[in-house]
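These notes concern the structure reproduced below.
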Amino acid sequence: MTSASPSPSATEAPALLGKLKAALITPIRAMRLRYLPLLMIYYAYGALGLVAIAEAFWVKDALSFTPAELAAIGVWLTLPWTIKMVFGQLADSVPILGSQRRVYVVIGASLVASGLVLMAGAAGGWIDFAGKNALYVTAQLLIVVGVVLQDVIADAMTTEVVERVLPDGTPKPKAELERELGLVQVLGRLALWSGILSVSGLSGWLAQIYSYETVFLLGLAIPAISLTGAMLVRLDGAERKPIDWRILGGGLVFGAVVLAIGLGGLPLGQELVFLISLTVIAAMLYRIAEDLDEAHRKRIFYAALVIFLFRSAPGVGEGYRWFTIDMLGFDEAFYGTLAQIGAGLALAGAWLFSDVITRKPIAKVLLWLTVIGTVLALPNIALTLRFDEWTQEHLGFGARAIASSTPPRNRPSPSSA
């Protein structure tokens with residue numbers, strides 16, 4: 001008499017549980033004490049969201065920008081992110097006071113702190129050498145440059161914080177080293193989202209009970225965290241590279257041209273900057289890939305194209321936030337609740353799928369992120385059509401319940417969009 005073979009569902013369930021368990025445990029197993037200072041820098045980036053809700057409401061209440069103008073400012077504030085390679089070239093080739101890493105984190109944290117002080121002074125009225133609008137834009141520029149600089153250095157340190165040899169002194173196998181490097185990057189993103197999660201609800205509560213000035217000053221604790229991490233991190237040592245003037249010089253020229261276009265108020269300035277940015281990035285990618293074989297060049301090209309298409313998807317901007325405040329009655333505390341829910345879901349997703357993310361092609365990962373983002377955007381569209389009025393009348397729940405089912409994407413700061 002033959003025994004019955006197990007059904008597919010009976011074998012798939014344990015396999016799925018095994019994968020989830022592995023995904024949950026993998027980042028924990030990958031954690032090392034020597035990674036903690038580096039992760040503090042990523043955590044501080046996420047925790048900068050402590051001031052995000054206060055900033056959003058202050059901009060709406062105290063400044064004279066329209067949502068369209070804020071979107072235009074956002075375009076200019078993304079430019080430092082497009083020249084991350086220039087910051088990387090500086091750190092690799094131009095040590096300051098003998099340091100290629102720590103001192104750059106100090107500079108970045110100081111810029112963030114300066115931006116927060118500038119916003120606090122504008123909100124409190126004790127910095128008035130310029131109008132509030134101008135002070136806000138200046139503060140945001142300082143913050144975004146500081147964040148980009150720290151992000152570049154933290155990414156560079158992820159490859160230097162990993163030990164290259166085994167306890168017996170022999171080199172680590174290449175496959176093991178590459179996997180560990182990938183997991184350190186995952187730990188960095190988890191630290192970032194942990195920072196967002198830890199301050200999301202608190203940011204709404206602080207914005208509701210304290211003045212904007214006080215919240216911005218409390219935010220000074222955040223760059224102090226990244227400074228502490230920079231002082232404590234242990235690295236294997238960064239190799240000083242010769243200056244590549246095609247990248248560094250080209251980046252400086254690019255910055256000067258963009259600044260001239262922005263200050264000169266040229267017609268179609270944003271479109272012109274976009275074309276220049278695209279040309280500069282393409283030239284830098286060509287410089288990086290020119291010594292590689294054709295297969296690797298194609299992989300870099302397709303990866304860059306996919307990332308460009310993913311990042312170029314437009315967002316709703318501040319117009320939607322203002323709609324929810326004015327028409328739906330969302331206040332600071334409720335925005336904190338939404339941010340807390342969103343951060344929790346994002347952290348859970350990043351944690352559970354960390355192992356998959358490090359193994360799957362980037363195109364497939366971004367495809368699923370796009371699908372998920374589209375589904376999560378549907379309730380927001382329903383709110384703009386005032387579907388909440390029908391649900392309130394017939395089903396007994398309104399806008400806040402609908403919004404809670406699809407919290408907004410968290411971000412450390414509007415300047416880091």
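Cβ atoms here come from the backbone N, Cα and C positions, even for glycine.
What TrEMBL annotates here:
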- 35-58: transmembrane segment (TRANSMEM)
- 70-91: transmembrane segment (TRANSMEM)
- 103-127: transmembrane segment (TRANSMEM)
- 133-154: transmembrane segment (TRANSMEM)
- 190-210: transmembrane segment (TRANSMEM)
- 216-235: transmembrane segment (TRANSMEM)
- 247-266: transmembrane segment (TRANSMEM)
- 272-289: transmembrane segment (TRANSMEM)
- 301-322: transmembrane segment (TRANSMEM)
- 334-353: transmembrane segment (TRANSMEM)
- 365-385: transmembrane segment (TRANSMEM)
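By the Cβ criterion (distance under 8 Å, sequence gap of 6 or more), the transmembrane segment (190-210) is not counted as touching the transmembrane segment (272-289), fewer than 3 such pairs being found. Same-chain residues lying 6+ beyond the ends of the transmembrane segment (216-235) with a Cβ under 8 Å from its Cβ atoms: 34, 36-41, 43-45, 47-48, 50-51, 54-55, 101-102, 105-106, 108-110, 112-113, 116-117, 119-120, 123, 146, 150, 157, 160-161, 206, 210. Among the listed stretches 35-58, 70-91, 301-322, the one sharing the most Cβ pairs under 8 Å with the transmembrane segment (334-353) is 35-58.
For the transmembrane segment (301-322), same-chain residues at least 6 beyond its ends with a Cβ under 8 Å from one of its own Cβ atoms are 56, 59-60, 67-68, 70-71, 74, 281, 285, 289, 362-363, 366, 369-370, 380, 384, 408, 417.
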